[in-house]
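Read the structure below first, then the notes.
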Amino acid sequence: MNEKQRLESAQINPADQKSEKDYGQYFQAVYQPPSLKDAKKRGKEDISIHRDFHIPEEMNGFGEGKKFLIRTYGCQMNEHDTEIMAGILIEMGYEATNQTEDADIVLLNTCAIRENAENKVFGEIGHLKPLKLKNPNLLIGICGCMSQEESVVNRILQKHSFIDMVFGTHNIHRLPQIVKEAMFSKEMVVEVWSKEGDVIENLPRSRKGSIKAWVNIMYGCDKFCTYCIVPYTRGKERSRQPEDIIQEVRHLAANGYQEVTLLGQNVNAFGKDFTDKKYGLGDLMDELRKIDIPRIRFTTSHPRDFDDHLIDVLSKGGNLMEHIHLPVQSGSTEVLKLMARKYTREHYVELVKKMKEKIPNASFTTDIIVGFPNETDEQFEETMSLYREVEYDTAYTFIYSPREGTPAANMEDNIPMEVKKERLQRLNALVNEIAAKKNLEYQGQVVEVLVEGESKKNPDILAGYTSKNKVVNFRGPKSAIGKIVKVKITQAKTWSLDGEMIEEAVEVI
Ligand code: 5AD
Ligand code: SF4
């Protein structure tokens, strides 16, 4: 659709239109459509680091007496972006609420990874419309990965013009200006950049808890797996400077945080974009492990970039957790090739073997897609056999979902839905079987548990995570919350462990 058609279709939609809108004038001024094609064309242009974020003076106290609510969909990266947007709004004087009816601003921080994630958001947009009609001063914004898709932006412009703001993953730091514009212009503010090579430091953050924290180490992804929308929605790979990360982790440790998870869409590519030094994730972890914080994790790894130096550093143990999330996607070399994963089944198995040898007690989890175009029964069986071979603790399993603009979306999606569902069911049965079997090994063992709080089902029970990220429920004093305690496992279930808190460890695994 060209600009003219877009304007016309937006204007011939009187049902949704705000009377004072003049789309024609407005689009020419600010509408920059995100383009998946442009994203793919990106080059190796320099990355600029910005350290000058501040709330414009005229916007200080802008949110005084007002409330905001951010609904988050998708991955940890989105969760963390929500913490940043909350931080910005709080600095502007807004207060958080979890009641939609009380909110003056509602933001949907969206996920584009599969079609059902997008459907959920469009459902929620529909629910918000009556609220907007009741309270015209309410500002509703759509942000996150969906807003980086041209088709989504167009659909919102045409069918949901009561939305006030649409902004992309690269525009988060512009939230104050976007809010101001939306408030005063009464127009839909669309600000989405499709290519972005910047790293913005010193953004405020309102972290969700005080025990565990996320720390971005890099942004974007250049892997372009053929099924995946992320390289387009999150832009090119760009790393934060090691000293900024180290300083953030030190600060978290000083503030009593017990665990950090380093985040990136492809964390093993950390540092590849540095032109002034050779410095990778292994080097970073080697420095971070010296910080006095009990637990350090990272996600998500790409098998192709997992190098020996990182494995050597992880084998030093200490506060580096031995749980590795290593998405495999398929156990068939032919399917991996179609997915452009850039490794074979043999490479992957070899890598896992090496890690198991070098990292005592290493445990693995993974992501798997079933029903990729042309996946045969035999190829699916190869995924099943790989799963048995690696013996993952657990896996996130998905039915392939074509994403417009990705290379796989041009392949014929030729596996019938019943077959995809049947494969998923069989795989999930195997995931459960192995999870239960592996949990049984914990029976009678003593584990270290970082206690996060009361269990959701029973306030008398505390819940926390082991170093391998297993949930443990046990009776214990509330004073244990936020601490690492030793728990003897009394009962192993498929997805959690029950135990008793003990004074002294018998044996720690
Ligand atoms: N369809 C299904 N699953 C997908 N994933 C990414 N893109 C798709 C898609 N188009 C899965 C991959 C990835 C996880 C985050 O989501 O397994 O590792
Ligand atoms: Fe998507 Fe991960 Fe592949 Fe990047 S490495 S394209 S985020 S699946």
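Count begins at 1; order follows the chain as displayed.
Just so it is clear, glycine is given a Cβ too, placed from its N, Cα and C backbone atoms.
Curation does not apply to TrEMBL; its annotations are automatic.
In TrEMBL this protein carries:
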BINDING   Cys75, Cys111, Cys145  [4Fe-4S] cluster 1 binding site
BINDING   Cys221, Cys225, Cys228  [4Fe-4S] cluster 2 binding site
DOMAIN    66-184  domain 'MTTase N-terminal'
DOMAIN    207-437  domain 'Radical SAM core'
DOMAIN    440-503  domain 'TRAM'
REGION    1-24  region 'Disordered'
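Same-chain neighbours of the [4Fe-4S] cluster 1 site beyond Cys75, Cys111, Cys145, judged by a C-beta within 8 angstroms of the site's C-beta center, are, in sequence order, Tyr73, Gly74, Met77, Asn78, Thr110, Ala112, Ile113, Ala117, Gly144, Val230, Thr233. When pLDDT values are averaged over the domain 'Radical SAM core' (207-437), the model yields 97. Rounded to a whole number, the distance between the Cα atoms of Cys228 ([4Fe-4S] cluster 2 binding site) and Cys145 ([4Fe-4S] cluster 1 binding site) is 12 Å. For ligand 2, the neighbouring binding-site residues among Cys75, Cys111, Cys145, Cys225 are Cys225, by Cβ distance under 6 Å.
Secondary structure of the domain 'TRAM' (440-503) per DSSP (helix as H, G, I; strand as E, B; remaining residues coil): 4 helix, 33 strand, 27 coil. Within the group of binding-site residues (Cys75, Cys111), the Cβ with the highest number of other Cβ atoms inside 10 Å belongs to Cys111. For the domain 'MTTase N-terminal' (66-184), DSSP puts the residue distribution at 66 helix, 23 strand, 30 coil.
Residues Cys228, taken from the binding-site residues Cys111, Cys145, Cys221, Cys225, Cys228, are distinguished by a CB atom under 6 angstroms from ligand 1. Residues Cys221, Cys225, Cys228 make up the record's [4Fe-4S] cluster 2 site, and a Cβ search at 8 Å around their centroid adds Lys223, Phe224, Tyr227, Ile229, Val230, Pro231, Gln265, Asn266 from the same chain.
Spatially, by CA atoms, the binding-site residues Cys221, Cys225, Cys228 include one closest to Cys111 ([4Fe-4S] cluster 1 binding site), and that is Cys228. Distance between Cα atoms for Cys228 ([4Fe-4S] cluster 2 binding site) and Cys75 ([4Fe-4S] cluster 1 binding site): 14 Å, as a whole number.
Separating the Cα atoms of Cys221 ([4Fe-4S] cluster 2 binding site) and Cys75 ([4Fe-4S] cluster 1 binding site) is a whole-number distance of 14 Å.
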